[in-house]
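Taken from TrEMBL as is:
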type     : residues  : note
MOD_RES  : A:T162    : FMN phosphoryl threonine
TRANSMEM : A:26-45   : transmembrane segment
TRANSMEM : A:51-69   : transmembrane segment
TRANSMEM : A:99-117  : transmembrane segment
TRANSMEM : A:184-206 : transmembrane segment
TRANSMEM : A:213-229 : transmembrane segment
TRANSMEM : A:235-254 : transmembrane segment
TRANSMEM : A:261-280 : transmembrane segment
Amino acid sequence: MGNKAYDNLIVSSAPHLVSPVDTSRIMGAVLLALIPSLGVSTYVFGHRVLSLTLVCMAACVAFEYLFNVMTKRTQTISDLSAMVTGVLLAFNLPSNLSYLIAVIGCFVAIVIVKGLFGGLGQNVANPAITARIVLFLSFTTQMNTWPLPRALRAADAVTGPTPLGILKEGNGVLPSNLDMFSGVIGGSMGEVSAVALLLGGIFLIWRQVISPIIPVSFIATVAVLALAAGQDPIFHITAGGVMIGAFFMATDYATSPRLPLGKLIFGVGCGCFTMLIRVFGSYPEGVSFAILLMNIITPHIDNFCERRLLGGGEK
Amino acid sequence: MLQRKKHLQSIVVPHQKDTAQKPTEVLPTPDFVYLSMSQHIGVPCNLLVAVGDRVQVGQPIGDTEGFVSAPVHASVSGTVVGVEGVRSASGGEDQLVIIEADKEQTLWENIQRPQVKTREDFVKAIRSSGLVGLGGAAFPTHIKYAPSKPKDITTLIVNGAECEPFITSDHRLMLEEAENIIEGSLLVMKYLELKECFIGVEDNKPDAIEGLARLIREKGLSNIQIIPLRSRYPQGAERVMIYEITGKTLDAGVLPAEVGVILSNVASIAFVGQYFKDGIPLIKKRITVDGNAVTRPANVLCPLGTKISDVIGFCGGYKEKPDKILMGGPMMGRAVFTDQLPVIKNNNALLVFSGRQAWIQEETACINCGRCHRACPFKLLPVQLSTAVDKRDLEALARLKVMQCMECGSCSYVCPARKPLSFNNKLGKNIIKEAAAHGK
């Protein structure tokens, strides 16, 4: 091309270089981190885990696509956030739930909780959590019929209670801590295996996708309050949604505080509400309600921490 | 060696220093040079020559009494063939003195080694050399070397961090002109009566660190110390470097002199060393030429005023059609609209990008990930600042300390939503300045 003169070059403001990490890469990392849990769950509950997860992913992406088309917004399905919502919602459902109910959940998550509030980053509450709560209140029976894990399945009984259900009702034998940890227990698809979720969470922390503050403070608070209530802390950490909630739902960027102190307050708050509901509430499980509650006060936590940040010693 | 345990927040920007092992090549005298009258941050120079005048190398052709200004000298010998008003890279008006080179490169007869006895002589000599901060800010050096309370200054910091990707001109300078750097440092220390000198170099340039350290050992200098710094961005920013070396923090707008420090770029210091040997003012500049659209990336020593297209031509020309040309590095450099602009004093790189490297990626929604805040050396809140800029909320801009931003671009670099956060901060600063100018 030689030594030619060129005009009308692109002029833009510095920096002229950006990190390769963009939104879709972050969401992709979250999807990757959820794979171990999907694997264990498929092993424990069978192939319906896979099909239900796929249905939720497809429905979420489809709702996001249609919503953007109908509201004439820029198409955002390529950022993979709808897929993450789909998987997280699926992981919060019993594996024998009807596809129709799951798709209704996806509609609530993507259209009502996310789209109508302005899309990615604008939603006040976590879409998957809120959708789960809506389904829980609307389809209580279906959402509380838990399939038994393959290892415990007898010839005639295919459903049974979750460990927290056993604890609440007081009838039946609690599974061992090892079963709780590995995931051979009844429950929602993605929340059964503490070890698989822990693996995914550590991966996200290592990739610097999430900060460890929220998961650690959440789980530590649950453990401390369990001890205070005279119950087994390991049981409470591994039962129900604590692991998936702490690593994957409470750490949702849009609905959790952005500064370290805020994250600490948020994590402790989630842990407190979870244990309050578990010990005193009428529901066996409190993680989703706890996170939803803390989502609502996140803006206030942010305000409080920003005032401290800017008021105090600034570098 | 001094190593701090606490660091300012910083980011990792992968380095693409392809030209680090390429010795500097001297650009042959171009046919024409285009000397800008505005190569410093103050008011532009007034012309000292007219069309038709014959000029010689090192002869002053522009100067002004204005405060933060420095004279401009002819970089070639030849005839002034024109004076042209053009739009500068920064968008303002600029005046170019066009000299047709006779290729003889005869030195101006008045050139002689500076005769310096006192601090005042030294500052005067620096002023007449036309030296400005060669790291990028173009702040006239003689003003920096004449602080209001000279007694309180104890430390000289020589900035050899070079934390921008691609740029290697300072790295080459440290390898090729180590002697000048040490001599320049000693001169500044002597005339400004400074006790100590630290040369900060990022630890990704071990050969430069080793070379300078060996020279210091050979000369038996105890008051100059090499400080290896972490290879993090923005290590070379003035306020970051001062913190990392002395532990002192300073707010935006505060001169380093107020914490007892004078900080100069390694290229400026090396020029001082050279200038006191031969008395030739600042007329050439070592620049890195790189980018995916240039045929032969290189480090080039070229006369000031050489057209960008001539420099690229010397480097084998364009490999493909350029889409973006930067004066400076990709993190803080300025994109120019044409390659017909000349090389100026504070220019340390020409980067020519095409295709993917030049793309401006589409902005998506903020996901509130907080990466921008974690990247900011001063812990600002770039997203909150952007919102304040959108609303022109002066109160919020002040509360969020927009003036502390040094536009290093770290927040924009890490933003997964590709938001122009650094640019918004610049807008925010302008809004505040505008309001102050209108007395609001």
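Backbone N, Cα and C define each Cβ position, glycine as well.
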Proximity verdict for the transmembrane segment (A:184-206) and the transmembrane segment (A:261-280), three or more C-beta pairs under 8 Å: no
Same-chain residues at least 6 beyond the ends of the transmembrane segment (A:26-45) whose Cβ lies under 8 Å from its Cβ atoms: 53, 79-81, 83-84, 87-88, 91, 95, 147, 149-151, 182-184, 189-190, 192-193, 195-197, 199-201, 203-204, 207, 209, 244, 247-248
Intrachain neighbours beyond the transmembrane segment (A:51-69), with Cβ under 8 angstroms and 6 or more residues off its ends: 38, 75-77, 82-83, 85-87, 89-91, 93, 95, 97, 99, 102-103, 105-107, 109-111, 114-115, 189
Residue numbers, six or more beyond the limits of the transmembrane segment (A:235-254), whose CB comes under 8 Å of its CB atoms: 30, 33-34, 37, 88, 91-92, 120-123, 126, 128-129, 162-164, 167, 174, 177, 180-181, 185, 187-188, 190-191, 194, 197-198, 200-201, 204, 210-211, 214-215, 218-219, 222-223, 226, 266-267, 270, 274-275, 278, 284-288, 290-291, 294
Beyond the flanks of the transmembrane segment (A:261-280) by at least 6 residues, Cβ under 8 Å: 164, 211, 213-222, 224-226, 229, 231, 236, 240, 242, 245-246, 250, 286-287, 289-291, 293-294, 297-298, 301-302, 304-305, 308
Chain residues outside the transmembrane segment (A:213-229) and at least six past its termini with a C-beta under 8 angstroms from it: 201, 205, 235-237, 242-243, 245-247, 250-251, 256, 260, 263-264, 266-268, 270-272, 274-275, 279
A:T162 (FMN phosphoryl threonine) CB neighbourhood, other CB atoms within 10 A: 22
